[in-house]
Amino acid sequence: MIEMNECKCDDLGSSGWSPSPRDRQPWMQIDLGRKYRIMAIATQGTFNSYDWVTKYMLLYGDRFDAWTPYVMRGGNMTLPGNWNYYQVKRNVFHYAFTAKHLRIYPMGWNTENGGKIGLRVELYGCPYDSYVMQFEGDDMVAYSFPRGRMRTLQDHYALNFKTLEKDGVLLHSEGLQGDSITLELKTGRLYLHISLGSSTVHNTDGMTTMMLGNLLDTQHWHYVTIKRYGREVNFTLDSQTETAILNGEFQYLDLDKQIYVGGVIEKDVPHLPGKVNFRGCMENVFINGINIIYSTQNTYGKKMLYTCRDLLWKPMTFAGPNNYLQLPGFFRKNRLAVKFKFRSWDYTGLLMFTRFADELGSLELGLSEGQVNITLMQPGNKRLRFAAGMIMACVHSIHEILYKVNINLTAKDNLLTITIDEDESSPLKITNPFTVRTGDRYFFGGCPKTNNTARCVTKLSRFHGCMQQIFIDDEPVDIDVMLQRKWGRYAEILLGTCGITDRCSPNPCEHEGRCIQSWNDFLCVCNNTGYKGEVCHNSVYRESCEAYRLNGKYWSGNYTIDPDLSGPLKPFTVYCNMLQKSWTVIEHNRMKSTKVSGSTMDRPYIGDLQYVNASWDEVTALANTSLYCEQWIEFSCYKSRLLNTPHGRPYTYWIGQRNESHEYWGGAFPESGKCGCAVNQTCTDSKYWCNCDADYRQWHSDKGYLSFRDHLPVRRIVIGDTNRTGSEARYSVGALYCHGDKSIWNTIAFTKSTYLTFPTFKPGTSADITFHFRTYRTNGVFVESSDDHLRNFLRIELNSTTEVVFIFMVGDGIRNVTLRSPKPLNDNEWHYVEAEINVKLARLKVDFLPPAIHKFPGQTYITMKFTQPLLVGAANHTLRPFLGCLRGLRMNGVPLDLEGKVDERAGIRRNCTGACLNASIPCRNGGQCIDGYVSYICDCNNTAFDGYYCHLDIGAFFDVGAWLRYDIRKEPISFDAWWANFWIEPHWHNFTLGYNTTTDDIEFSFSTLQAPAVLLYISSFSNDYIAVLLKKDGTLSLRYRLGIISYKFNPGFMGCISGVRYNIFAPLKAYFRPNVTTPPVTTQGYVVESNCGAFPPVLGYVPWEDDPWFTGLCKTT
């Protein structure tokens, strides 16, 4: 371990480094004395002060004047620092690097209470032995294998390199059997070509190519590791690892004679055909534990250079919103000459600006829409603007960078010449009349915001990227000398390094989306991919024909479906028959009858099915998510046996899902070894289970539907008995028909505090989670995925009656996205939840509400490396359990089989059924059972009863002359209002009024000793009415007027009436149990509540919180 607790300090700080506040761009540089492998850094503020650094940049290198910036995942070069002076902030590097020198640039610090920069540093690493070798392109090292060849099942290659060249071979070896391995740079990327041999028998090419990285020609050290075991290969560059399964069938790598390092140079062969040798430095080249450079020092001696000669071009990085570089020039010369190299991702930006002497105007060189433009301004003349050349025409389509564009600009009176990339054959020459007298200042990358005495004026944005090898008036500019002598000025520039990064390598856009990047961000173009979203993660199509039907698509036709949605499988087109059950139909190339002859069991005929518009994996995914599938299969025979029943080895069989062979035929049960005729008892010969097994010299056939979904679709037909004299067979397979979508209706209910476990969720850099839920509970966790210590987790939960929260820690700290609904979500209705997270943002959506979004800063990297099983229904340790129903849960497009985890004893039920299903005492008198999943309650609102089970009748005793009136409506509805509402909802009046024109529902009970009496009278604003009368003889009479018949009577009743309900109205309950301040009830005379003894008591369990006689829990000792 390296400890650097005490660095150079001045009198402004104590026990740490604290630069002068007057230093505009301070940095601290550390010389370790030798090379180390650095793995982490820790920082603190100045002891007992307000001085600490909140963020900083770290540069490292072999020399004190050539630097490589440390870049975090996501492309961010700014490391988080401290939040007080005493706590230690440790940053562990996502890949270890080697360095002798380190430089720290504070990028932010505490300014409250007079705070300033204060820093204490501790580094973690170990000494690193470095063996280097310089390659010039005309030399190489060949390591000879000890036994003349090398045959290996596993390999481990490692090396470090740095170069300024885009192309070059680093390693190469091959064998006589066609095995080979090549590691090379091509256009600034690193390629690995490896072959374990090709097969001429099976016509397979064994060559596999893998690619990593970009911008590898920046003279920075890069670390390469190749690990192979059999056909499995891990290819690592710096922190990026690619895994692949090699093509072919072989496991061993057979190499002959030797392996070349730095290129291939043999007699009359200066390099591999079409490739150039490597130019640059290599370090510690290990081949299966052997350090090649160390081993060859005694062999090659002085022929090779065992040091690394850096070409110090002193690059600089323009990295800030206000960056610029001001350099001096010779004043009033009649010839202007500027030359430099640059590279950038941006389409626009100021490259160079200078103002001529004697008020003769100015010259501007800039990027605009990917081309270099020259703008010449002179007083009294029209502005001249010329396009020097398009240099970014293909930048976005191939993720290329503006690679070391070389600009050479010269101007004198009436002539301006510009050359791009040293293409001397086609320089741009401008011969308009103008006068050149050079000014004394040149601005690169932008104009200063303050002290702009040279009047640097431009409409272009600031340039972001790298520049190097600047020449002014044919003289090279030494930036260090210029700045030391204060001849130049700059702001927000990193000197000695090119800190440009490639945010499109590896491509962050999924599903073949196209990556476009700028200096500090990237954009995914998802056109023509079938996906959408910030990183092309979400499918634009539905998962099945059933999903289209549920979304209102009721007409048959061709539809594009995506069974795994955001998963890796591509969308494909199917025919949806919406007339019945939304059938999905996929055709293939074997639907017409195919003739077969000349096949035997040893050399069978093989007929592969190629499904239209879909790969085998895609068709299989459709079958797996469907409720039912079927496929017609037919075999016609003339002296050609099929399954060789009853007990022989099958001559013909079919292969289906999971590449398994199946020895039963259409119309029969799975794995029965029979054909359909055996099931129907219609076989030609009853001794056999298939018509064709009778082996007659006449045409017969066996046919029927295959309908066991787990075996479908049919992938291959194998036929093996058509080689005898006269033998012939024909076969055909029908289209695959599937309907339903079990992922949509896969439903369970949680009735106890528990959770389901599924395999660990491995989402990569993007994740989406979708499901439906319904509950009466106020909170509960739906889904949680985490690592061992909850340092990395995702969780979706119902936080309150109106809030769903998406909580996660996948990078720097715990974050959450909260969606607030204007209506309760615990209303026991189905609600749909969508949650998504990627490097751009986290999004949460519920039903049709506007989504809640949390956007991440640019250059964010998220880490979703979970190790624990996926939990559904509660958090870890059964915290915050969810009670209710879940349906259609998908993780990154993959449906989870919830119903496969049903366990009644654990409280997990199939379908959405809770305690109401087997209620010990059902809700009485029309009360609605409200499921609490562990318990239940009865909703008595639309009944005339009360109590826990709606079992308590509400009645009243009426004395002589007493009555109670309930006003349903105070005034009649106008005809216009009725007609308007009728067209909105033809049956609206059936529900909003509580009555309708066709039926009425009336119930009550009564007891009395008086007759006759009016028990119930219902009137209207017309002459219509309904009346229930007790006649003098003690019988009931229902009288009414519906526009035809009329009765007259005098009201009067003495006795008890209870449980009165007219449709949805309960007058007595409204009077004695009002839920509004002024119920629409009027009484006259003596009316008092009485239960009337109409209903027997119900003795059932009443929860203690609802029991008015509950006084507390008793303790027993």
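Indices start at 1 and increase along the chain as displayed.
Backbone N, Cα and C define each Cβ position, glycine as well.
In TrEMBL, annotation is done automatically, which means it is predicted and not curated.
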Point to revise | Recorded disulfide partner - Cys912, candidates Cys885, Cys940, Cys950, source TrEMBL | key: Cys885
Study note, to complete from the structure: Best-packed against the domain 'Laminin G' (132-308), counting Cβ pairs under 8 Å over 314-498, 745-912, 913-951, is stretch 314-498
Check your understanding: Between Cys308 (disulfide bond) and Cys885 (disulfide bond), how far is it from one CA atom to the other, in Å?
Key -> 67
Check your understanding: Can you tell me the mean pLDDT for the domain 'Fibrinogen C-terminal' (536-588)?
Key -> 92
Practice item. Please compare the disulfide-bonded residues Cys281, Cys308, Cys912 by how many other CB atoms fall within 10 Å of each one's CB, and tell me which has the fewest. Key: Cys308
Check your understanding: Near the domain 'EGF-like' (500-537), which residues from the same chain, at least 6 beyond its ends, have a CB less than 8 A from one of its CBs?
Key -> 71, 74-75, 77, 189, 212-215, 218, 240, 242, 317, 319, 343-347, 396-397, 399, 401, 464-466, 560, 562, 566, 570-571, 765-766, 768, 836, 838-841, 858-859
Check your understanding: For Cys912 (disulfide bond) and Cys281 (disulfide bond), what Cα-Cα distance in Å is obtained after rounding to a whole number?
Key -> 67
Revision key, fill the gap. Helix, strand and coil residue totals from DSSP for the domain 'Fibrinogen C-terminal' (536-588) stand at 6 helix, 19 strand, 28 coil
Review point. In Å, rounded, how far does the Cα of Cys281 (disulfide bond) sit from the Cα of Cys885 (disulfide bond)?
Key: 63
